[in-house]
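Lifted from TrEMBL, the feature list:
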type	residues	note
DOMAIN	38-165	domain 'Peptidase S54 rhomboid'
TRANSMEM	52-70	transmembrane segment
TRANSMEM	77-97	transmembrane segment
TRANSMEM	103-122	transmembrane segment
TRANSMEM	129-150	transmembrane segment
TRANSMEM	170-190	transmembrane segment
Amino acid sequence: MIGICVVVFGLEEAGQLPSFNSRELPLGALYGPAVQAGQYWRLLGAALEHGGILHLVFNMSVVVTLGFTLERGIGSLRFLGLSLVTALGASTFSLLFNFDTPMVGASGMILGWAGAMLPIATRQGRRELGIWLVQVAVLSLLPFVSWSGHLGGFLFGLPCGVALRQGRQVYALALPIILFLTALVALYAAHPERHGAF
């Protein structure tokens with residue numbers, strides 16, 4: 001993931017891909033009207049885009065510390081499934097609360113990892129995660145930070161962590177269901193014109 005994010009950022013900085021610097025919508029940026037028009041890849045692509053070098057470095061440093069630890073603990077395939085759920089969850093809440101605002105960054109997905117870790121962490125681990133989450137919650141109140149994406153990723157990560165706590169077989173059965181339901185909610189959020197039909 002780090003390699004993909006770095007390559008995407010480098011291509012944008014080199015002018016080979018659209019970027020906010022060129023006043024164009026980045027190829028993977030989440031933007032409600034674009035998703036509504038059928039560009040569904042943006043629901044996941046936003047996690048691979050970053051708004052600047054500091055944004056990229058901060059998120060990738062958390063991928064190294066939190067992400068690699070979690071991946072080693074649950075396995076690469078389980079980690080991939082979890083990441084898909086939390087990236088979609090982050091995009092879903094961003095669309096629900098900030099439909100017309102472009103959003104980029106892996107932080108919503110990362111917050112989902114933290115949400116999944118809470119149910120399976122030790123008491124000391126939960127305490128450390130809690131302190132970190134409070135700090136992130138404060139940062140989420142700053143301008144240009146997607147509080148909705150952070151919250152969505154975290155909330156969608158929690159049921160994955162609950163399933164992990166019940167054992168790997170339960171998680172293997174629950175994850176496809178969670179992913180399917182998350183995708184349905186994401187599609188619902190992407191089409192506000194249809195909300196009255198539900």
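The backbone N, Cα and C atoms fix where each Cβ goes, and this holds for glycine too.
Whatever TrEMBL says is automated annotation, not expert-curated.
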Long-range environment of the transmembrane segment (103-122) - Cβ separation under 8 angstroms, sequence gap at least 6: 1, 5, 20, 26, 28-31, 46-51, 55, 59-60, 62-63, 66-67, 70, 73, 82-83, 85-87, 89-91, 93-94, 129, 132-133, 136, 146, 149-158, 160-162, 164-165
In contact by Cβ distance (the transmembrane segment (52-70), the transmembrane segment (170-190); 3 or more pairs under 8 Å): no
Mean of the pLDDT scores, which run from 0 to 100, over the domain 'Peptidase S54 rhomboid' (38-165): 92
Residue counts (helix, strand, coil, in that order) that DSSP gives for the domain 'Peptidase S54 rhomboid' (38-165): 101 helix, 1 strand, 26 coil
